[in-house]
Amino acid sequence: MSKDIPPASDFLAILTERGFLHQCSDPAGLDEKAKSGGLIAYIGFDCTAPSLHVGSLVQIMMLRWLQKTGGKPIVLMGGGTTRVGDPSGKDESRKILTLEEIEANKQGIKQVFSKFVHFGEGKTDALMADNAEWLTALHYIDFLRDVGRHFSVNRMLSMDSVKLRLERDQELSFLEFNYMCCQAYDFVELHKRYGCQLQMGGSDQWGNIVTGIDLGRRMGTAQLYALTSPLLTTASGAKMGKTAKGAVWLDEAMLPVFDYWQFWRNCEDRDVGRFLKLFTELPLDEIARLEALQDAEINEAKKILATEATAMVHGREAAERAADTARQTFEEGVVAASLPSVILQTNEIPAEGLGILAAFAKAGLVNSTSEARRQIKGGGLRLNDQPITDEKAVITIEAIEAGAKLSLGRKKHVLLRLADG
């Protein structure tokens with residue numbers, strides 16, 4: 001399959017048209033495998049945080065498209081590899097997590113996937129596995145003899161994840177050095193257990209994935225394939241999935257639905273078309289129409305992107321509520337009940353009212369009262385859409401009971417509420 005010949009399989013055609021495809025070890029062979037049906041592919045997710053964030057969405061969407069085009073997705077939880085730590089893209093060693101932390105993170109991450117793929121026992125139903133099941137059962141000497149002998153240290157030292165650390169005189173532990181061996185073994189084990197033929201991942205995983213293909217060949221498995229997606233950045237070059245306030249989590253408990261909706265609504269104009277292709281299932285002709293909008297009209301495309309992307313993660317009803325909240329807040333100027341809220345107890349509020357500096361700090365809109373003072377001097381803080389000019393102002397308990405909307409700039413809002421009873 002050359003660049004001039006479109007893929008014959010629905011799976012690779014969709015990945016190509018929508019911008020998911022970066023590298024593939026054997027495009028023609030994989031295309032034929034996908035076209036014939038029954039393609040089984042996996043992506044691994046280490047348990048380094050309590051949930052996944054937007055930076056993982058490209059990989060999750062690839063699993064979703066695989067299932068929608070007749071393939072079987074495997075979600076591999078890295079219960080074992082998380083204990084080792086992936087050095088890819090890292091300047092220093094990852095923090096070593098306890099087994100309890102890894103297990104807690106794994107449970108949080110698991111919840112994300114049922115929103116994107118269907119799990120079950122059917123031919124195309126998704127499967128979830130955990131590499132701790134086989135990695136923790138390995139005997140060290142046996143692993144060295146049976147598996148380790150197939151790895152070339154010369155080649156391992158040439159991998160970007162290793163080479164960059166060494167060139168910068170940054171420490172790379174023996175533990176991390178073994179990560180690619182574990183990931184390669186995962187691929188072979190998943191092929192042996194489930195007939196998995198393809199490993200997908202971000203472009204930073206190319207070396208590790210290809211190492212798995214090579215290990216499989218040396219250990220006598222059938223043909224295996226690698227496919228990676230491009231490193232996702234915004235049009236201005238910022239890393240996807242992070243904002244000034246932190247990660248854009250896919251878990252409502254870690255990031256309110258409204259904030260998630262706002263993240264997509266606030267994307268750059270140049271990113272709208274690309275994000276619609278990657279993070280929604282809108283038809284390409286509709287995306288082309290939205291992408292062509294100019295000036296103020298592009299904001300309508302951003303609202304559609306925000307609602308569709310939010311519906312994918314949090315459901316259609318929650319996405320529509322977030323869109324309605326934004327409309328009321330920004331276009332109608334009313335206090336929307338579904339804004340992110342901070343609930344205060346009556347005993348937290350002095351008799352004379354809550355100081356404005358403390359209120360913004362409690363709301364999490366500023367990190368300190370001194371930052372609140374600076375924002376007031378710059379005209380950046382508002383109470384119920386009115387600019388705050390007096391740093392000694394207070395919000396009465398009655399105002400909080402009615403719902404006091406605090407705003408930082410034009411796009412960050414929190415509603416202060418009084419606890420019931």
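Glycine residues also receive a Cβ, built from the backbone N, Cα and C atoms like all the rest.
Predicted, not measured: the structure shown is a model, and the values here were computed from it.
The motif ''HIGH' region' annotation in Swiss-Prot falls on one of the ranges 47-56, 107-116, 307-316, namely 47-56. Cβ contacts within 10 Å of GLN183 (L-tyrosine binding site), excluding its own Cβ and spanning all protein chains shown: 27.
Fewest other C-beta atoms within 10 angstroms, among the binding-site residues TYR42, TYR179, are seen around TYR179. In the three-state DSSP assignment, the secondary structure recorded for GLN183 (L-tyrosine binding site) is helix. Mapped onto three states, the DSSP output places TYR42 (L-tyrosine binding site) in strand.
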